[in-house]
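So that you can see what the record holds, here are the features copied from TrEMBL:
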- 12-40: transmembrane segment (TRANSMEM)
- 52-73: transmembrane segment (TRANSMEM)
- 80-98: transmembrane segment (TRANSMEM)
- 104-125: transmembrane segment (TRANSMEM)
- 137-157: transmembrane segment (TRANSMEM)
- 169-188: transmembrane segment (TRANSMEM)
- 303-319: transmembrane segment (TRANSMEM)
- 339-358: transmembrane segment (TRANSMEM)
- 370-390: transmembrane segment (TRANSMEM)
- 396-417: transmembrane segment (TRANSMEM)
- 429-452: transmembrane segment (TRANSMEM)
- 464-484: transmembrane segment (TRANSMEM)
Amino acid sequence: MVCGKPPDGGWGWVIVAVSFFTQFLCYGSPLAVGVLYLEWLDAFGEGKGKTAWVGSLANGIGLLASPVCSVCVSSFGARPVAIFSGFMVAGGLMMSSFAPNIYFLYVSYGIVVGLGCGLLYTATVTITCQYFDKHRGLALGLISTGSSVGLFIYAALQRELIELYGLDGCLLIVGALSLNILACGSLMRPLESSSSPPPEKMCVDKVPDQYFVYHEKEKTVEENISILEKGYIDEKCVNSVPDCKQDSILNKNVLSSININEKDTYKKKVVEQTNFCKQLAKRKWQLYLTYWKETMVLFKNKVFAALFVAILLFDIGGFPPSLLMEDVARSANISEDDYYMPLISIIGIMTTVGKLILGILADFKWVNTLYLYVTTLLMTGVALFAIPFAKSYLTLAMLSGILGFLTGNWSIFPYVTTKTVGIEKLTHAYGILMFFAGLGNSLGPPIVGWFYDWTQEYDTAFYFSGFCVLLGGFLLLLAALPCWDACTNQSSKMPPNTYSYKVASNA
């Protein structure tokens, strides 16, 4: 498929709307899984660390499988992948309502729902980038708020559904709501040019034309031989048996002569196929070697290496509050009468605000996005250290709002990556960083839960989380201060202050 020129409007705004609702419907429950986490603790009686794996897998598996998700969308298109993933998310949520134990939830909710969300995220971003060029940053910013709005609404919605219909009924209803992803996916019309050539002609590694010629000749010869053999023998056998035998011998001689004439053609075809496979394997091997060489070059950049450590530690320490904050409030013996709004909902709405404000700040030329990002990391670490001292709903709500706002630094992370490695290596570097971000998302909540299981209190767990985030922030700061210009000049050779929101969105 050859995509036409992005219209930057028209049906593109429909794509933005359906992509927004797709992220809203698929990420609403996994991001607000903290409400379900409390119910699973009571239902299965497992430890907090073991139970936390369900939510961490649902949020991390999509990032871990991002290369596979990209290949699926590139191979099949955004619309088929979105529709298929809608069935995955809805089916996983509905299956989770029948879970007999926590291990069943690892598969149904953690892997199935998480992988479906990863596929849907890739599909929505890909189709939006195809429809927008000049306004791509605005379009991607709008659809990215769908997940944050989903967190805000689903936190209260799931809590209300649990009170009315129980945990199983809640999961069934939320799964049924997710079926609306199918309608959204059906509207993701691919952008094609009117005069697009056949797909096989657009492949980079095209099969030689001789292969198809030989293939067609072989099929034709085989069909003709089959028809000649069957028709000729049947017709002659009706007249007389001796003639049938004689004609059968004659027919065999004819067929053998035909096969002899086609031997050379068949040998040529085999040679062509063998050479093509050897060249293809050699080319793929060279691509793999080039990929790993470029990866090693990236890690020679001190700032990129520190950024890799920072994003891993940030997700290990900064992600657990969105999953465990409700249980923190319950462990602090806060009365439900004092609840004006679920703490997870506060995190969700403030994450949206943080994405917008930090994204706007990053557009100013006098703002260094690296230092802005480091500031958010250090402030997040301090806020995590303050959680053990919060003993009331008001203080926990304030800390939830602060953590939610600072989590909005995801909107400036592409800026930082771009300035660190350059626009030419952005896609490669961003994929590596997102993989380790998914690893951090998957490990963070179980580690915090295990700390609680060992100590029977959250204080040590959040001290550990705060230490991880602060360590990552200080390492990134130390790597950036003395050799920021030297590293960027050697690794990316990129002129200073050439990053923008539009550039970041191309990732």
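Residue positions begin at 1 at the first shown residue.
Yeah, the Cβs are placed from backbone N, Cα and C, and that goes for glycine too.
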Spatial neighbours of the transmembrane segment (104-125) far in sequence, C-beta under 8 Å, 6+ residues away: 19, 22-23, 26-27, 29-30, 33, 40, 53-63, 65-66, 69-70, 72-73, 78-79, 81-82, 84-86, 88-89, 91-93, 95-96, 140, 143, 181, 185, 188
Recorded stretch that, among 52-73, 80-98, 370-390, 429-452, 464-484, has the most CB pairs under 8 Å to the transmembrane segment (303-319): 464-484
Highest-contact recorded stretch vs the transmembrane segment (169-188), from 12-40, 137-157, 339-358, CB pairs under 8 Å: 12-40
Segment proximity, the transmembrane segment (396-417) to the transmembrane segment (464-484), 3 or more C-beta pairs under 8 Å: no
Residues from the same chain, set at least six apart from the ends of the transmembrane segment (370-390), whose C-beta lies under 8 A from its own: 303, 310, 314, 317-318, 321, 328, 332, 358, 361-362, 396, 399, 402-403, 406-407, 409, 412-413, 415-416, 419-420, 458-459, 462-463, 465-470, 472-474, 476-477, 480, 484
Highest-contact recorded stretch vs the transmembrane segment (396-417), from 12-40, 80-98, 137-157, 429-452, CB pairs under 8 Å: 429-452
Candidate ranges 80-98, 137-157, 429-452 - greatest C-beta contact count to the transmembrane segment (12-40) (under 8 angstroms): 137-157
Remote residues contacting the transmembrane segment (137-157) - C-beta distance under 8 A, at least 6 residues beyond either end: 12, 16, 19-29, 31-32, 34-35, 124-125, 128-129, 131, 174, 322, 341-342, 344-345, 347-349, 351-352, 355-356, 359, 411, 500-502, 504-505
